[in-house]
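This report refers to the structure that appears directly beneath it.
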Amino acid sequence: MTDTDVMERKRVSEIPLHGPEAFEAMRKVGRMTAECLDLLAEHAQPGVTTDFLDRIAFEFIRDHGAYPACLHYRGYTKTICTSINHVVCHGIPNDKPLRDGDIVNIDVTLILDGWHGDSSRMYYIGEVSRRAQRLCEITYECLMRGIAAVKPGATTNDIGAAIQTYAEAERCSVVRDFCGHGLGRVFHDSPTILHYVEPAYNVELKPGMLFTIEPMINLGRPQVKVLSDGWTAVTRDRSLSAQFEHTVGVTETGVEVFTYSPKGYDKPPYGVA
Ligand code: MF3
Ligand code: CO
Ligand code: CO
C-alpha cells in the first residue's frame, strides 16, 4: 500500500489506515514507552514524590532521542500523569511523597521519529490492600479482554462490550468521561475507543488502524469530576479507581500490542523491592 493509497483511504473513511512503515515505527516507540514505565517501577516506592518520577521519565525520554508528548500539551506542564487512589486520570505530579498503601497509575506518552506511543500501568506503593489489588487485577483483565476483541471486522463496541461485561460482573463500574483514541503521527485521533457499549458510535475495525485501549474502572460509581486545576479527574464518590493502557494496531488477522513490557512488568507486582 502506497502513501497515496493511505491518504485516499483516510479521505474515504476519515479514520487513518497505516502501512507497514508506520507499524515498524510504532513498534519502536511502543517499546521505548514500555521501557520508560519499566524504569519507573524501580522508583515508585513510599517516600518518593511524583515530581521525582516525572523527572526520571523526562530524562529517560530525552536520553533516548524521544520527546514527552504531554509536556506543553494543552497547557499541561509535566511529562507523565500520576493518578493516585481515587484519582481517575490526569493527576499532575507534585512534591508530595507517595505513601505506603497507595495505588498509582503512571501514564506516559512518547514521540519518537514523529510517532506516538501511549501506555499506562498501575503501581503498588508498599503494602496495598486486598481490595485495591483486586481492582487493579480486574482493570488489567478489562484491558486484556478489550485487546482480545480486536480483529478486522469486529467493531469498537465489541471492545466496549468485552470491558463493560467483565467489569460489571465483578461489581465495578466503567468510567464514561474518558476514552481510548486513535494515534500515530497525531496524539489524539479517530477512532474513539469507548470502554462501554454505545450503539450511537460504532466503528468497524480495519487493518492499519492504530489506537489505544485504556479502561478506567471504579470500585464505586462511574461518575467523575475534574478539580479546579483543570486536569485532575477524581471519582465523585471518592471510591478507588484504576487504569491500564496499551497502544495497539489492527493487523490482517488480529491485533498487535506495541507497548508490552520487555521485562514482563505489564501488571503489578513488578518483582522489585
Ligand atoms: N496519556 C493520556 C492518554 O492516555 C493523555 C494525557 S494528556 C495530559 O490519552 F496532558 F494530561 F498529559
Ligand atoms: Co495515556
Ligand atoms: Co491514551
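Backbone N, Cα and C define each Cβ position, glycine as well.
What TrEMBL says about a protein is an automatic prediction, not a curated fact.
Fair warning: this is a prediction, and the values are worked out from it, not measured in the lab.
Look at TrEMBL and you will find 24-252 tagged as domain 'Peptidase M24'.
Look at TrEMBL and you will find H90, H188 tagged as substrate binding site. For H188 (substrate binding site), the number of other Cβ atoms no farther than 10 Å from its own Cβ, over all displayed protein chains, is 17.
The divalent metal cation 1 binding site annotation in TrEMBL covers D107, D118, E245. Under the three-state DSSP scheme, D107 (divalent metal cation 1 binding site) falls in the strand class.
The divalent metal cation 2 binding site annotation in TrEMBL covers D118, H181, E214, E245. Long-range neighbours of H181 (divalent metal cation 2 binding site) (same chain, six or more residues apart, CB within less than 8 Å of its CB): H188, D189, S190, P191, T192, I193, F211, T212. According to DSSP, H181 (divalent metal cation 2 binding site) is assigned to a strand segment.
Residue density at E245 (divalent metal cation 1 binding site): 23 other Cβ atoms are found within 10 A of its Cβ, drawing on all protein chains shown. The sparsest Cβ neighbourhood within 10 Å, among the listed binding-site residues (D107, D118, E214), is found at D107.
Of the chain residues outside the divalent metal cation 1 site list D107, D118, E245, V108, T109, S119, S120, T212, E214, T247 have their Cβ within 8 Å of the site's Cβ mean position. With a CB cut-off of under 6 A applied against ligand 3, the binding-site residues H90, D107, D118, H188, E214 are reduced to D118, E214.
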